[in-house]
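As written in Swiss-Prot, here are the features:
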ACT_SITE  Asp147  active site, proton donor/acceptor
BINDING   Asn7, Glu384  Mg(2+) binding site
BINDING   Lys14, His207, Leu208, Gly209, Asn210, Gly211, Asp282, Phe283, Arg284, Gly331, Ile332, Gly333, Glu334, Asn335  ATP binding site
BINDING   Arg90  substrate binding site
SITE      His179  site 'Transition state stabilizer'
SITE      Arg240  site 'Transition state stabilizer'
Amino acid sequence: MKILVINCGSSSLKYQLIESKDGNVLAKGLAERIGINDSLLTHNANGEKIKIKKDMKDHKDAIKLVLDALVNSDYGVIKDMSEIDAVGHRVVHGGEYFTSSVLITDDVLKAITDCIELAPLHNPANIEGIKACKQIMPDVPMVAVFDTAFHQTMPDYAYLYPIPYEYYTKYKIRKYGFHGTSHKYVSQRAAEILNKPIESLKIITCHLGNGSSIAAVKNGKSIDTSMGFTPLEGLAMGTRSGSIDPSIISYLMEKENISAEEVVNILNKKSGVYGISGISSDFRDLEDAAFKNGDKRAQLALNVFAYRVKKTIGSYAAAMGGVDVIVFTAGIGENGPEIREFILDGLEFLGFKLDKEKNKVRGEEAIISTADSKVNVMVVPTNEEYMIAKDTEKIVESLK
């Protein structure tokens, strides 16, 4: 089954055409600067990279251009659009409506629209992509795969905040969690690599990138995760503060004479390791500054980041009554051996020994703990697009 996987941002559109049977990526690309001057589509297929400069006034234009590229006689990979069996859409927020991926109907689209206030930066773009695809490919089944759905198995005592209960009933203020598709994929893949049933494992998945979150996955289900009502809660991140004392917001409003919105903007875009280091949100830059130039604030930023990850791993081991597997994934998790070692140092009491030679791995599946470790520590590159394609395939197959 050929599945087109679409991930729409406010001015961008990432896509992959995947053969779902074997996960083979037939083509992939990125449409940038949608609705802005100098729009560009970068299309990768058959080992070639094609750049197409053409104005895209909206997501519909972008999807038309993507489809044109896919069927192009020179650099396309399919003869015509009828070869696309289904479209899988990444949707950031499904609120409490969705516990799994779903076939997109008018009712589903309305529910996604109702979640806009929970994800004002992301859901509108996701909706644009869905509507555009429906207009261009009205007869092709479409599936929504939610970042939040995997975490809908959290128990109420894990997802409720200790604030007046009426705010939950009135406004649905609760922990939702994000990166669910990634946490689901790497936990399942880790179990496959170990050749053990996921239903028997306690897994801690660490998705560490510019946005970072950790999940406690017990018997294949998410029982807790570090991001919350929004992706601002939890770990220190590239530019996001993660969890802080809520009183800091009103304190900064008063001291700096700024609005709540301005403070939240600072916490989202000017904080995290960027805020502490004053240098960059890119961990490669921070490692260079800290280890090559001896920059104290860059070192401090890395310490704060690693400490919060370490603390969360420990707390999730407690929440699950132990741990069998710790998995690192995403940009930093997959490609940062030094950061991984830094995080794991002091956690040996959980039952693992790090193999420093194996830990040198970057961007590949590997078990990086020693053979005699009771707990397996692993690197598993995430593959959210493949997970979206597999979910889409499963739902479309069930319609037959």
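Using the three backbone atoms N, Cα and C, a Cβ is placed for every residue, glycine included.
The DSSP secondary structure for Lys14 (ATP binding site) is strand. In sequence order, Asp147, His207, Gly211, Ser213, Ala215, Thr225, Met227, Ala330 are the residues near His179 (site 'Transition state stabilizer'), counting only same-chain partners six or more apart with C-beta under 8 A. Between the CA atoms of Asp282 (ATP binding site) and the residue listed as 'substrate binding site' there is a gap of 25 Å, rounded to the nearest whole number. Once Cβ contacts within 10 Å are tallied over all protein chains shown, the binding-site residues Asp282, Glu384 are led by Glu384. For the recorded positions Asn7, Arg240, Glu384, a Cα to Cα distance of within 10 angstroms from Lys14 (ATP binding site) holds for Asn7. The Cβ of Asn7 (Mg(2+) binding site) has 22 neighbouring Cβ atoms from other residues within 10 Å, across all protein chains displayed.
Among the recorded positions Asn7, Arg90, Arg240, Glu384, the ones whose Cα sits within 10 Å of the Cα of Asn210 (ATP binding site) are Arg240. Secondary structure at Leu208 (ATP binding site), as computed by DSSP, is strand. Sparsest Cβ environment among the recorded positions Lys14, Arg90, Arg240, Arg284 (other Cβ atoms counted within 10 Å): Arg284.
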